[in-house]
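If you look up TrEMBL, you'll see A:99-291 marked as domain 'ABC transmembrane type-1'. The feature region 'Disordered' is assigned by TrEMBL to A:1-26. According to TrEMBL, the feature transmembrane segment maps to A:41-61, A:103-127, A:134-158, A:164-182, A:218-242, A:270-294.
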Amino acid sequence: MTTAPITSTLPTATPPASGSSGGPAAWARGAWRTLRRSRRLTIGFAIITAFVLVAAFGPLLSGNPDAFSQDLSQPPSGAHWLGTTQTGQDVFAQLIASTRGSLVVGAAAALLATAVSIVIGIGGGFLGGWADEALSLISNVFLVIPGLPLVIVIASYVKGSSTLATIGVIALTSWAASARVLRAQTLSLRSRDYVQAARLYGERRWRIVLVEILPNEVAIIVSQFIFAVIFAILTQAGLAFLGLDDPSAMTWGNMLYFAQNAEALSGGSWWWFVPPGLCIAVFGAALSLISFGLDEVLDPRLRVHRPRSGRRTRTKGTAR
Amino acid sequence: MRYLLRKLGFYAIAAWMAVTLNFALPRLIPGDPVQLIMARQAQQGPVPPGEKEALAKMLGLGNGNIFVQYWDYLVSTAQLKFGLSVTFFPTPVSSVLNSSVLWTLLLVGVSTVISVVIGITLGTVAGWKRGTWLDSLVPSTTFLAAIPYFWFALLLLYLLTQIWPVFPGNGGYDPGVTIGWNGAFIQSAVQHAALPAITIVLSSVGGWLLGMRNMMVSTLSEDYVSAAEAKGLKSRTVMIGYAARNAVLPSVAGFAISLGFVVSGSLVMEMVFSYPGIGYTLFQAVSNNDYPLMQAVFLVITFAVLSANFLVDMLYGFVDPRTRQAR
C-alpha cells in the first residue's frame, strides 16, 4: 500500500487509532485525512519521503562513491546496480551520495530565499509607504533581470569555491517572485478587521506580524518554498553542468557534468547519464504534485468533484 | 501618460541597477580581480598585450577614487565600449555580439511563440473539459517542467542525431554552405534550428498549459459564463468568446515575467547544441575566463529582456485599461 510510509513523514503523526481527543493527535488525524483526500498529495509525499530517507541513510549503507575498481564502463549488473563510470566508480553509490548533496543544496538555498522573501515581502507590505515603495522596487528589479545569466556571471567570479557560495548565489536570484506574492497577500491581510482590532488593542508591530499575519500566509509560504526547492536543484544542476560549481561536491549536477565530459552518452554509457537527470525530474515532479495537492485541498475552487462541475460534465456526457 | 512615465522610470532604474551590479561584482570578490583573471587566462594561453589595462578599465578598476571609476564605467558602457574579447582576440566585444544576436532572436522568438500558442490552446481545452481524461494528463506536464533542460536536450540530441539520424547535429548551419540570403543556407539553417526549437517547445509548453488551465477553471465558475450557457449559446462560443478570452489575460501579463526564463532557457539550449547565438557566446566566455565578453553578454541580455518587458507592459496597458490605474 503506497500510503503506508506516509504517517512517519508528518511532524507529529500518530496512528489515527490512538483515539485521544483534542491536541496534537486530533491535528495529526486532520492532517492524515487531508493527505488522504488528494491522491496527488499522497503520491508526492511518498516519493519525497523515499528521497529524504535515501539522502539521510543511503550513504551509510552504500559503498564508497569515490572508490575506483577494475570494472571500467560496465553496464548495470548484479555487482554494480547502475553500472560503473569510465574510471570504474560505482554509479549507484555516486547517485546515493549525490542525492544527499543535491537535497542539501536545494533545501538550504530554498530556505534562504524564502527567508529573504518573507522579510522583504511581508515587511514591505506591512510597513507600507516609503519602505514598501523601496522594497517592492528592489524585488521588481530582481524579477525582471534575467536570473540565469546573472547566476552564471556571479558564479564565474566565485568559480568552484564552495557549495556555500553556490547556495548563496541561487538564493540571491530566486527570492523576488515569492516576495511579490507575499507582499500582495500582506497588503490584503493588513486591512482585515482582526488585524485592525489587534492594532486598536495596542499590540506591538512585530507581534501583529508574527501572530496575526504570518500564520495566515503559511500556505503560500509553503508553496513558494516548494517551488524554490525545485528551482534551486535545477539551477544547481545547470551551474554544475557548466562547470561553475565546486566539482568535489557530490550532486546530481556534478554527476551529469562528469558524465558529459567523459562523453558518456556518445560512448553508449547511458546508465551513467540517465539516472541523475531522472532523479531530478522525479524529485521535482513529486514536489509539484505536493504543491498542486495542497492547492486542491486548500482552494475548493480547484477541486474536481463538486456539484457545479458535475453538472457540466454530465450534460456534456449526455450530449456526446 | 503617467502610466508610461512610471513604467519608463522603473525600467531606467532596473537598467541602472544591472549596470551597477556589473560594476560592483568584481569589487565584491576578495583579492585583486585583475591579477586573478590574468592568472586564469595565462593558464589557457598567452595573455594579449595591454590586457591588464583593458581588464582594469572594463571592470571599472581604473585610477582615481571609486566615484571617478564608477563614472568612467558608466560612460564607457553608454558608448557601448566593452573592450576587447579574450576569446576572439583582437575582435571588439561589440562585434562578437553583433554576429550572434540575430541567431538567438530568430530561434528563441519563433519557438516561444509556438510554445505559447500550443500551451494556451491545450490549456483552454483542458480547463473546459475538466475532469476528463484530457485534464488528467495535465499533471504529467509538471514532470516535463521538472526535467533539467540540458539533460533532456542532450538525450534528444543523442537519440535523434546518433541513434536515429533524423536531424543534423550541432551548430546553426552546415559548415559547407556560405552565409547569406540564398536557398541552400536558409534550408540548412532551418534544418539545424528544428531540433533546438522542439526541445524549447517541449520543455516550456507545460507552464503555459497549466497556467491557462487553472485560469480557465476559475473563469468557468463566473456568473457570465453560466449566463452564456443559460442563453443556449454554442459551447464553442462560450469556451472561446466568454471563458478563454478572459482567462488569457494573466497569461499575457505573465509573458513579460517569463521572458527572463525564456532567455535563460535559450542560453542553455545554445550551449547544448553549440548554436551560434548569444548563449553559446556566453558559454565560450565563461570557459575562457573572458570577463569583458561575459559582462557585455549579461548587459545585452538584460537590456533585451528589459525592453521586451517594457513593450509588453505598454501593450498590456493598451489591451486592459484596468492596469493603467493600478500601480
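Backbone N, Cα and C define each Cβ position, glycine as well.
Keep in mind that TrEMBL annotations are predicted by a computer and have not been checked by a curator.
Within the chain, the transmembrane segment (A:103-127) has long-range Cβ neighbours (under 8 A, six or more residues past its boundaries) at 51-52, 55, 134-136, 138-139, 163, 166-168, 170-171, 174-176, 178-187, 190, 205, 208-209, 213-214, 217, 221, 224-225, 228-233, 235-236, 249, 251. In this chain, the transmembrane segment (A:218-242) lies in contact with the transmembrane segment (A:134-158); the count of Cβ pairs under 8 Å, excluding pairs fewer than 6 apart in sequence, is at least 3. Through the fold, the transmembrane segment (A:218-242) approaches residues 102-103, 105-107, 109-111, 113-114, 117-118, 147-148, 151-152, 155, 166-167, 169-171, 173-174, 177-178, 181-182, 185, 251-254, 256-257, 260, 280, 283-284, 287-288, 290-291, 294-295, 298 of its own chain, all at least 6 residues removed from its boundaries and within a Cβ separation under 8 Å.
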